[in-house]
Ligand code: PGA
């Protein structure tokens, strides 16, 4: 794993450059995208660069990691809404080339069709990840099998608790989500993981310095050949 540490502004500038370079070299690249608080500064910078004419999303396609079960794109808490709002409406991407898993899949067999769609698009060139306090990537909670493809998950209490800040009450946080699996993520040719703030310091230490273990899903990224972590100083504080 490559680890880059700086101020949030500095590491976001470096991560953004990866998109500038990738889309210049391969305009029809396939991007894996993420939601949550963490990618917001990156998405703002990508929108700025796009407006400045320094990168174009016109030919690329995107696949998001996950979505809540039962929420459609008109729901402000849905990840489709988040993406439309925070990135897609601000850049020159073609909406029909943006993909977010459907929150209305009925079973894992239907959910797994998302992997087939990614494969048909040529596979993900660069997957963006955040990290949960428990090490989840996407909604792959601890002990998710290494071989998992896109599937339906029951959210852990800690994840629902962490995400309730976006809802009016805990009861409103969906109990299930659909997420790319660990295998889906590991198939990406390159992976960027962003983490900011001291609340992530402990899990970042386990991710980078712990033994790869399905108990800490992000630690499995050690087994991928091209992963870069972009950390602010607070998130990196416990690395030795
Ligand atoms: P956050 O979420 O970016 O809002 O911290 C990350 C995650 O849970 O994957």
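Cβ coordinates are placed from backbone N, Cα and C, and glycine is handled just like the others.
Taken from TrEMBL, the feature domain 'Glucosamine/galactosamine-6-phosphate isomerase' applies to 9-225.
Around the Cβ of residue 66 (active site, proton acceptor), a 10 Å sphere holds 22 further Cβ atoms from the protein chains shown. For 66 (among others), the entry in TrEMBL reads active site, proton acceptor.
Around residue 134 (active site, for ring-opening step), a 10 Å sphere centred on its CB holds 17 further CB atoms from the protein chains shown. Summarising the annotation, TrEMBL assigns active site, for ring-opening step to 134 (among others).
Under the DSSP three-state reduction, residue 136 (active site, proton acceptor) is assigned to coil, being neither helix nor strand. The active site, proton acceptor annotation in TrEMBL covers 136 (among others).
Classification of residue 141 (active site, for ring-opening step) by DSSP places it in coil, neither helical nor stranded. Residue 141 (active site, for ring-opening step) has a Cβ environment of 20 other Cβ atoms inside 10 Å. The active site, for ring-opening step annotation in TrEMBL covers 141 (among others).
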Euclidean distance between Cα atoms of residue 141 (active site, for ring-opening step) and residue 134 (active site, for ring-opening step), Å: 8
Sequence-distant neighbours of residue 136 (active site, proton acceptor) in its chain (C-beta under 8 A, six or more apart): 142, 159, 217, 218
